[in-house]
Amino acid sequence: MSSQRRIGARTPVALSLTTAAVTAFALVGTGSAQADPGIPGTSPEYSAGTYIVALAGAPAASYNGGISGYAATKPDGGEKFDKNDPAVKAYTGLLARNRDAVLDKVPGADTVYTFDTTFNGMAVTLTAKEAATMAKTNGVVGMWKDEARGKDTVDTPTFLGLSGSNGVWQSQFSGVENAGEGVVVGVIDTGFWPENAAFGPLAKPWSAEAEEALRQNFTGTCDTGVDTPERNIECNDKVIAARYFEDGIRKSNTPPIAGEFRSPRDYGGHGSHTASTAAGNNGVDASIDGVSVGKISGMAPAARLSVYKACWETIDPDACAVTSDLVAAIEQATNDGVDVINYSISGSKNSVVDPVEMAFYQAAAAGIFVAASAGNSGPGASTVAHNSPWLTTVAASSHDRDFAATAVLGDGQKLAGAGRGAALPSAPVVLSKDIAAPGANPSDANLCAIGSLDPAKAAGKIVACQRGVVARTDKSIAVKNAGGVGMIQFNVPGGAADIAADFQAVPSVHLDATNGQKLLAYLSSTATPTASLEAGVQYKKRAPEMGSFSSAGPAIAGGGDLLKPDITAPGVDVIAAVSPAGNNGNNFQSYQGTSMSSPHIAGLAALVVAKHPDWSPMAVKSALMTTATTLDNAGKPIQRAGKDATPFDYGAGHVRIAQALDPGLVFDSNEVDWARYGCGLGQFQLLPNGPSICETVGSIDPSDLNYPSIAIGQLVGQQTVTRTVTNVSNKTETYFSTVEAPAGIKIAVDKKSIVLRPGQSATFKVTITRTDAAANKYAFGALTWKALQGHTVRSPIVVKPVNLSAPSEATGTGVTGSSDLKITPGFSGTLKTVATPLAADQAKTLTLSKSNEDWDANNPATSAHVGKIEFTVPASALFGRVATFDDDYGRYGDGTDVDLFVYRKAANGALTLLGNSAVGGSNETLTLAPGATYVVFADFFDGPAATQDILLHTWTVGAEGAAPLTVSPASTSVSVAAPVTLKASWTGLTAGQRYLGALIYLDGNNVQVGNSILGVKA
């Protein structure tokens, strides 16, 4: 629904505006800063703490030479990074000297870690003032505040086609004892429990050839710990290396709990679970609460493990790690020479250039395959994390084993649900919220939080607990602790839809929302309600189905031009090794999350690496993705909450390892391609040396990255993407292309067939055209190459048609002049353009002096170096803007640095920080939403003079203005994807004045399809 208004004033103009027209201009003023704190230069309100500091110069894993006297240190294709290579030692020595020179400028800095392999820089603890000084020190090109990160199978091997006489282990590796030989899997997580049989000695020694390759390429060591002997660890020929990283988290606000092990030993169980899933031993007998649950196995049982404990048990489950420890672990794993890394820890949704993602960039450049969890924030759109193309991002789905159980109510109703516990005879039923313990919060009792139930009222009863907030298994512990004999857990309408047969502390049944409402109706209408619980019965179900929690695309960081997640694997009800310390004495437990699906892919990737050791990480990824399936075991589309799932849920689909070992074709790429992608995305420019990197390697449209999937976040009528495939089979094959085009979209491939010899590549183009598909709604299709010999190579296609592509900002100069704007329509018909008048800036001067005083953005106040202005943007305006410009300070010399901070002012005078603009120098801009009063603080951070006049330019853009702005043609016929040029013109401006206006683009029905901001310096 659109709202129309006419803004009359001194220079009147009619504007047809939708709500989007206003919010499209409002970059700040919506209640939060828009800049991602993971991008350097956008979070300057420094406070005391630990920072990751990026320094000028490439890290050793990707240094290609160019500095006189220092040879390239990046490993050649197929080779491992060698920390002890003389060239590496020489170059890292140079980096160390440069690092020391920076530290000399900030003598109070306390160094936590130094990095030189996957990241050039350090982690240092600084005061607020030291942090501000460090940020401006020559050689420092980026800073990130240390951030907290959180932790993000019985028989998944059978479900995945690994076990059995015809399974991959036997058919491809001549037995499970060989599956993964020659491969080292690194796991960055919470450590491992060394006494668990999953981590016992290998069932069969590696071959002499594999052992020699390990000796030459792997340099990891076993750090047993500094705890008491029984709390330390020992390694063996299965877990061949282990380390722990604690320096960062012990300086954080959430240090490890007192009982944590100061060694690689696992406390919570998460790391043992992921490590055993990826590469734990085969055929390990598992039991939970004394009940046998069968045998478990890792995906690559003959692979070896190298464990990196960087995630700890803390009082905050969402803050088990900090980025400094994580980057240190990634760097160590790369130095050690692992082949695969599993990373089941949360990450950025908005950026591909935060320290962790960039450390993984270098690891992948060094030849390491990295699997990362997509996140557990689903099912909402754009919740997926780890959106970098050099990572394989894994969603979570179910496997085909489940347990059904039934609750039989006293009136005879049978409510089917999930459960695997023993039967329970009839017992009284009580609703948990009605039996809150004295002093307990009733809302906690409603959710069965531990300690919230009254034992006097729970004893001998079945307790009905609402799902949510509290871990499902903790609810049954709360019931048991209060003396309850059973539990019925129920979903609620609008909440999570799935039900789970967890291992519970008391006999339990989990009901969906429909049956949950029946239960509640029975309890409310019955004076003495009772129920009995039938024993859980195992059955084979339709699978996979997406986990309700699994994070989904489209990926924010890629602007929709890169499909994430990449693939899905089992992550629901996965039984694996855990630590008894944090699991009620159990050595095995059922967990769920993308943390569980990611190690499945890491372990399966290890099998691919073992089979094809010369393949790049991206070739491995491509093999896994292009052979995946979008159908379940019933031959029907994979489901999510009762509906067909989409590529935003599962990426390329559900992994099929047998096919991945022989994919036929692969889409390969390397670190140069990724850099070009990052430059095309506009994010690599924000990296250390980013502009020079982009100038050197160039950029591509992000949709043109040679990726196994195709995604276009803004399809403006028509777009052509390019892909290259390489034949990795041992025979010449002919492939034919077929397309699945969604309604309203035409997909054309320029080559109907390709013939490729082994090792040969072919490039092809795919043209995607909107015909009558709805605008601003994603459409899904696929391109498949089928070979006569049987290979099938499938790439999902995701596109979102849009109506217009226009520059967000344009500039011009002169008292009289014009500016050309190139507009590309996504429709055929009439394009109308309405121009606002040009608003003249109202410059306000603040006389400020440099000072060593700290600036606290959370407690803003004026001082010698900080001034403020108040600025109201009326509701009738389109937007407001405050800006500073470098060229205002030329009379002082070079080097003026001003930072701006904007706050919304409430009616009572309270200020709420909305955002900031604080890049180096003084070109700062804040764009503000209408209908609010703002207070903008200007911090004179540095400059050539001790005292300077700081100019803050302000504009209110709308129907009122100082001079008319005209556009030609104001109305024109357009065709899909055919660019047109519009000319915005002005005259009669005052020399030296700065002006701001806007262009509003409408279709033939006067519906807004876009806008641009125009700045003019007369």
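We count from 1, first residue shown onward.
Positions of Cβ are set from backbone N, Cα and C atoms, glycine also.
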Segment assigned the feature region 'Disordered' in TrEMBL (from 255-280, 801-826): 255-280
Pairwise Cα distance for Ser595 (active site, charge relay system)/Asp189 (active site, charge relay system) [Å, integer]: 10
Nearest-integer angstrom distance between the alpha carbons (Cα) of His270 (active site, charge relay system) and Asp189 (active site, charge relay system): 7
Conformational class of Asp189 (active site, charge relay system) under the three-state DSSP mapping: strand
Packing count at Asp189 (active site, charge relay system) (other Cβ atoms within 10 Å of its Cβ): 29
For Ser595 (active site, charge relay system), the three-state class that DSSP assigns: helix
The domain 'Subtilisin-like protease fibronectin type-III' (704-799): DSSP-derived helix, strand, coil residue counts: 1 helix, 60 strand, 35 coil
Least surrounded among the active-site residues, given as His270, Ser595, when other CB atoms within 10 Å are counted: His270
Secondary structure content, the region 'Disordered' (255-280) (per DSSP, counts of residues): 10 helix, 1 strand, 15 coil
